[in-house]
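Engineer: Submitted below is the structure of interest, expressed as structure tokens.
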Amino acid sequence: MRKLLISLALAIPVFAVDHNLLQKGYEVYKKHCSACHIERATPEQIKKFRMMAMRGEKLPIAAPPMNEVSARVKKFYPGELEFITFVKDYITNPSREKGVCMPMAFKLFGVMPPIGKALSEEEKEAVAYWLYHNYKESWKEMMRKMHGKMMH
């Protein structure tokens, strides 16, 4: 029991969230990302957006919601370091080839502009960190809520 408690005590800092970095990331999001990406959409809203798109209607959003972006990127890059590395690279040099969006997202929104080129390394790190830690829902869970069943 004592070994378990010591192990847990040593592991806590590894899993702790840096709230200052999280706040800085949110500030970067508000300043540089929120013009196109809304912060969060419910599964019902996302489903509504998809139905509108299928009918050829103009969407009330300019890019996928950030909670959907986070869940989708985590599907391919589940670890924090790999997620942050991907996001920092993608926002600096976005392309359809390295993107992980659903094909419909590229059709509706195209490839995002390279906003990362206007950000410092610290800002890119912060916004990627915020995107990773701010949203907990997995892609599978998001799809299950939208469709009422498990999807892969």
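Note that the numbers count up from 1, one per residue, in the order the chain is shown.
For all residues, glycine too, the Cβ spot is worked out from N, Cα and C.
Straight out of Swiss-Prot:
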- 1-16: signal peptide (SIGNAL)
- 20-135: domain 'Cytochrome c' (DOMAIN)
- Cys33, Cys36, His37: heme c binding site (BINDING)
Engineer: Quick one, of the binding-site residues Cys33, Cys36, which Cβ has the fewest other Cβ within 10 Å?
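Structural biologist: Comparing Cβ neighbour counts within 10 Å for the binding-site residues Cys33, Cys36 gives Cys36.
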Engineer: List the residues in the vicinity of the heme c site, defined as same-chain residues other than Cys33, Cys36, His37 with C-beta within 8 angstroms of the site's C-beta centre.
Structural biologist: Tyr29, His32, Ser34, Ala35, Ile38, Ala62, Ala63, Met66, Met112
Engineer: His37 (heme c binding site) has how many other Cβ neighbours within 10 Å of its own Cβ?
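Structural biologist: Result for His37 (heme c binding site): 22 neighbouring Cβ atoms inside 10 Å.
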Engineer: Could you tell me the mean pLDDT the prediction assigns to the domain 'Cytochrome c' (20-135)?
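Structural biologist: Value for the domain 'Cytochrome c' (20-135), mean pLDDT as a whole number: 95.
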Engineer: Going by DSSP, give the three-state secondary structure for Cys36 (heme c binding site).
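Structural biologist: The residue in question, Cys36 (heme c binding site), is coil (DSSP, three-state).
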Engineer: By DSSP, how many residues in the domain 'Cytochrome c' (20-135) are helix, how many strand, and how many coil?
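Structural biologist: Residue counts in helix, strand and coil order: 75 helix, 0 strand, 41 coil.
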